[in-house]
Amino acid sequence: MESNFNQEGVPRPSYVFSADPIARPSEINFDGIKLDLSHEFSLVAPNTEANSFESKDYLQVCLRIRPFTQSEKELESEGCVHILDSQTVVLKEPQCILGRLSEKSSGQMAQKFSFSKVFGPATTQKEFFQGCIMQPVKDLLKGQSRLIFTYGLTNSGKTYTFQGTEENIGILPRTLNVLFDSLQERLYTKMNLKPHRSREYLRLSSEQEKEEIASKSALLRQIKEVTVHNDSDDTLYGSLTNSLNISEFEESIKDYEQANLNMANSIKFSVWVSFFEIYNEYIYDLFVPVSSKFQKRKMLRLSQDVKGYSFIKDLQWIQVSDSKEAYRLLKLGIKHQSVAFTKLNNASSRSHSIFTVKILQIEDSEMSRVIRVSELSLCDLAGSERTMKTQNEGERLRETGNINTSLLTLGKCINVLKNSEKSKFQQHVPFRESKLTHYFQSFFNGKGKICMIVNISQCYLAYDETLNVLKFSAIAQKVCVPDTLNSSQEKLFGPVKSSQDVSLDSNSNSKILNVKRATISWENSLEDLMEDEDLVEELENAEETQNVETKLLDEDLDKTLEENKAFISHEEKRKLLDLIEDLKKKLINEKKEKLTLEFKIREEVTQEFTQYWAQREADFKETLLQEREILEENAERRLAIFKDLVGKCDTREEAAKDICATKVETEETHNYVGFEDIIDSLQDNVADIKKQAEIAHLYIASLPDPQEATACLELKFNQIKAELAKTKGELIKTKEELKKRENESDSLIQELETSNKKIITQNQRIKELINIIDQKEDTINEFQNLKSHMENTFKCNDKADTSSLIINNKLICNETVEVPKDSKSKICSERKRVNENELQQDEPPAKKGSIHVSSAITEDQKKSEEVRPNIAEIEDIRVLQENNEGLRAFLLTIENELKNEKEEKAELNKQIVHFQQELSLSEKKNLTLSKEVQQIQSNYDIAIAELHVQKSKNQEQEEKIMKLSNEIETATRSITNNVSQIKLMHTKIDELRTLDSVSQISNIDLLNLRDLSNGSEEDNLPNTQLDLLGNDYLVSKQVKEYRIQEPNRENSFHSSIEAIWEECKEIVKASSKKSHQIEELEQQIEKLQAEVKGYKDENNRLKEKEHKNQDDLLKEKETLIQQLKEELQEKNVTLDVQIQHVVEGKRALSELTQGVTCYKAKIKELETILETQKVECSHSAKLEQDILEKESIILKLERNLKEFQEHLQDSVKNTKDLNVKELKLKEEITQLTNNLQDMKHLLQLKEEEEETNRQETEKLKEELSASSARTQNLKADLQRKEEDYADLKEKLTDAKKQIKQVQKEVSVMRDEDKLLRIKINELEKKKNQCSQELDMKQRTIQQLKEQLNNQKVEEAIQQYERACKDLNVKEKIIEDMRMTLEEQEQTQVEQDQVLEAKLEEVERLATELEKWKEKCNDLETKNNQRSNKEHENNTDVLGKLTNLQDELQESEQKYNADRKKWLEEKMMLITQAKEAENIRNKEMKKYAEDRERFFKQQNEMEILTAQLTEKDSDLQKWREERDQLVAALEIQLKALISSNVQKDNEIEQLKRIISETSKIETQIMDIKPKRISSADPDKLQTEPLSTSFEISRNKIEDGSVVLDSCEVSTENDQSTRFPKPELEIQFTPLQPNKMAVKHPGCTTPVTVKIPKARKRKSNEMEEDLVKCENKKNATPRTNLKFPISDDRNSSVKKEQKVAIRPSSKKTYSLRSQASIIGVNLATKKKEGTLQKFGDFLQHSPSILQSKAKKIIETMSSSKLSNVEASKENVSQPKRAKRKLYTSEISSPIDISGQVILMDQKMKESDHQIIKRRLRTKTAK
């Protein structure tokens, strides 16, 4: 335990403010402050330090080189980066200047860089992941934190490595896959534990957990919404999983399984994910979408926890269960990421995006605990950019600025960290200068290891940037990153059993250990250092929480030990407690030791600082004293000089006069005049130099920057290249479009052929069908004739017998009307059965009806006796019926055949329509083909025009190239001329130098003169005095007196001359420097000449290459021309085939038009048939009206007929509408025929045009072939010429630069020539002056000699006094000159500041001037010594000088003439270049305009095609609608025919009813006297009439016969009882709100309006359903079973479409089942009618549900009288059983309106029987 504890690599915390008071050590040795303190530290904690050094690890840097793109491959063959081995890379400097931003070379042609691992351009994503990222992922699973970030330029492949594509996924998705594949079953699915801040976690409540789940689901929903617009996530994940097979990660998963096997099975992992970006120094969460209201995102804040680790506040963390979810979240974040377009990259990331994965290691027990929190941050940094290359503006520029600043701060931080490891004093690391480095701070301070991925491109254009990136990575690789936190975690947590549950509030150990101490760990950032008071408070709080937590930990340990008694023994408990106590003691001891250490170190540091400060103060004092002393000395010297000058002036006034002194003084005055002339000439030279410098400066300023000019030319060149590439692409596209259109035309022709074949076959079918129709129409006419004949025969028989007339009419109506076969056959069979039964039983025949057959007879025997005489008539009728049935069957077969024929006609019509559509489509296709041909022709024309334009452009460019080559040649000639002139100038200068050597003799005399002027040597005076004594001894005394006064005067004069001489020496030094510079310039000129020769050689090589290329191009052109000819021949063949197809299509069209005319005639015939049918229908209607007039008794029949007439009117209207539509269709058909004729004309015209077009197309094709060949050749020529043009441009720029340099040098040489001329002139003047002075001196000497011999001493004294005065004047002049010199020095300093660039030239001139001055001085001295001898030599020199001047003038004239010529040539070149640029701009504008026109034409074509497609779709829709209308009309016609059939059936039924009623009336009239005699006379009179009347009414209204309650029908020995109707209700589905109610006594019905029932809710419906079931069960069912005959079943089957109103099912109370039927019928209850009506309403539509009660109340009043009468007359029968019935008769009925028919034989279910309620007992 001790070893593990001491080996912790945790940064030493500060223990200054501890809880335990520790005494300060009394004696501390501070001698070795600057010595190595590591020995003392090792004594205190040797193990901790050793392990801390071991835990430090250098930053891992992996390099990945991006492969070349296609554009880069075209530009360069080899890159500037070369891989030596897996860890080293060599960066070679590119030879071209474009790769470097600066023209200066770095000096190293190749630089070597080493990395942790190098990945070449051929490495895949898988290899890179396994080599670089696999180890950090393993460390993450082990519980360690890691940071991975990419670094590099834009467009270097950072985002590709980070994210990848769907085919080759990057680092991030692969890490997610590996994580989840390795964890698999160990995932912690709950969300109750969530990461918080940097290394902490939160325990969530159930509500918070729900919120987390809801937010996660909302995010996933967003992803689904995103995937609706884009590709589905499943496909993305599928691609992800496909690209990541199991085989790829088998090895890695095995490693993880081995690593995970060491852990306990109870440990599980919870994976959380976040994704944010740093954009413009603001942090945004990428999982949060942009708000729709404000279009802004929420900005997040970066903060630090107590440990100093940075985290982002309010960042969204989401738990992830599998890699699919994580990848979907990543895609969502990428969608929200800020990406923009730049010149270098289409999708450049404009922010630093950081995707973090946090893993919580949880011990999954009863109370889950977090053992460890590990983190993996994957940062995709934005690339550094240069605005010169990206050319960003506005917002993009601001983004680049922020990106570059953040990357610069990262570089600063890494550089400081690298330097601080070597230095003793820790430097401040500027982490807080950007958000990125602030976030990385915790990792650099020991949170975890860092891996840096460097992405570079091997392109030579980005050489400087790649060099900077590699340098940065080399620095980063040397940075040592401590991994203290992970090691501390390993020690703190230890095994799983001893791990403590870390939370937000209880995290004391880590807090105390991770507080950073400023003394030992040397904090990296000053901002992170807290104030002392804050430290005190935090540390006190930390210790308090520590004490509390230790107690809590002890309690928790005790509890866990008690729970695990079965597993842990008492001895183990004691050991653990002892260990805890030992650890506590060790902690206390360590705290004390660390406090003492800290105090020592702080005191040592303070002492060092005080010593350093004292030394600094002493050094400053010394420097100040030295400066003061220097200033004082200078001041004293100046004062002394001033005093000397003043004293000398005073002494000169009091001096005596001496003749010898005057002579010396005259000589000295002459010398002074020479110096004054020199100073004047110097001033003039300085003024000229100033003027020349200003002119040169202005000229330099006016010149444009060569870099800008080259950049502009490069841009123009790139633009031209891009435009050429676009034109190439467009030409390729046009070719592809032409091919596509040819293919489309071929397919269309094939379709036309197939359609023509189909049309021919269909025409044949149509002809066959028409023949069949004609045959069938003949048969129909025959049948119609037969029909008319039968009608006439029946009308003749009508007069004979009235009773048989009715039956015959009925049969004729049955024959005329078309009835379905099934129903007729059933009716006939039923009748036969009835007759057979009647014959067997000797009973009268039963009354028959179509819907309800209910013929009730009271007395069978009586009726049988009465009806026997009618048997013979019935047998006749039966025979007729059999005949009629045979005819009907025959008619039915014919009708079916007619229907089939009609269906076939409809199909034929449809086929005709279909063929018409196909015809129109073929016509449209022909139109489109013709349009496409026109478009192709227009495209050909455009292409030819473009070719002509390109030819003209090529010619112009060739002319430009020729001009440029001429310009280059002229420039080279001018350079050679200039070089020759420079050589001539050099030769002249050499000649001048030789002349200088000749004039050395005269220089000796000038040196003698200078020696005389320099007053430092005192021997000169005695020599002159001796010469004078030799002439005259008398003057010696006066000279001696003069000597006494003279030295004082001479000292002051000599001092001033010495100062001037020093200035002259400085000027000489400057001139020597300038001479050196002239030599260097000469060397540069020689280099330039060599370069010019090299360029000439290159030009010759290029010309040879051009000749070769031209030969190759000619060969290629010939081959292309041949290929194009072959293609044209093929196209001609295809066009001929197309034309043949078009001719065939025309033939097919003519055939179709003939078919259409035939169909029109047939349609007209069909229309005539329809009209005949309509006439017949009208005839039948008239017959019906006649019958109604004859039968005035039956009023209701008229009403029904009126309704039928209304229906007929509707049908007539429909027929009219159909006629109108048919007319419209006819008009459309006429229009179509007209269109077809027009199309024929158009086709004829088109054929003529096509014949003309063929010839034109052939010509065009030939021209196209030639032009396309030319275009391709011209394009190739253009590309090559453009390349040559670019090379020539570059050479031109270089040549221009050289010309400029030569011009500068020539101007410099000119200035030098001018200066030399001026100097020569000055020297000549000086020589003339010297010769004059010599003459004057000789004369004065002679005069003095004569005066010495002749004159007296007084004259000499006077001259001496004059000389003294002259000397005083000259001294004043000298002082003035000094002042002027000082002023000139000041002006020169100012000029040096303004004209720094021209100082070297000025210095050269000054040095040359000084040389010439020295020479002049030498000449003067020599002339003084040898005056007589040198006159002749001087004359020779003067002659030579004049010759030289003449030569110089001639050379200047020549030079000026050459310069004028050169300037004129230059101006010509400039004008030519400008003209060429203007022409090029015009061409570019023309090209742009043509391009815009082309785009406009394309857009117009697209619009036209869209319009055509829309029109086609509209036509198709119209045709579909027309077909639908035709189909609907046919359906309506069928419906009308069926309705007519139904109406005929109804008429027949009515006629039958009338006949039956007439028979019954006759029978009743016969039976009346018999019935009156019998009992119950009232009943016998009233009931039959009412029953019969009601029967007739019910038949008329409902189409069904209802029997009276007192009548019984006996069919097949079954007795059925029916109730007598008390109320008649009539309604139609057309008017659901109205209902006609008729009382039994009234003749006319009463209309009742029913409002619409409100919709009920679902609860009410359920309740109502239950009530309805109870009510149904409450209604008593009849025990009688009513037999339903086959006739009834057939009628039900017939009229399922009509809503049948069923009769009421409620029966009356019976006395007994075995009683007589007559008695039972006589005793009925009138109360049952209401119950029956209620039952009827229960089965009625939903409209009556709400108003049933009101209707029953209205009826109850009319029924009371009838009920009472019946009760009086009829005795009440006995009750056999109590029946169940509903007490509430008028309760609302809850039955849906859809149920109209009810099955009468439905049985009640057990469930319903249980629900039934017993009826309440009613009072008697």
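Each Cβ is built from the backbone N, Cα and C atoms, and glycine gets one as well.
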Query = Quick one: which of Ser980, Ser1002, Ser1715 has phosphoserine in Swiss-Prot?
reply = Ser1715
Query = Swiss-Prot tags one of 377-405, 1247-1275 as region 'Disordered' - which one?
reply = 1247-1275
Ask   = Among Ser499, Ser1588, Ser1592, which is annotated phosphoserine in Swiss-Prot?
value = Ser1588
Note = Of the ranges 1050-1107, 1398-1455, the one Swiss-Prot annotates as region 'Necessary and sufficient for interaction with SHTN1' is 1050-1107
Inquiry  = Tell me which residue from Ser488, Ser498, Ser930 Swiss-Prot records as phosphoserine.
reply    = Ser488
Key: Which candidate, of Thr1644, Thr1675, Swiss-Prot gives the annotation phosphothreonine   = Thr1644
Query = How many of the residues that make up the compositional bias 'Basic and acidic residues' (1247-1264) does DSSP mark as helix, as strand and as coil?
reply = 18 helix, 0 strand, 0 coil
Averaged pLDDT, computed only over the residues in the region 'Interaction with PIN1' (1560-1820) = 52
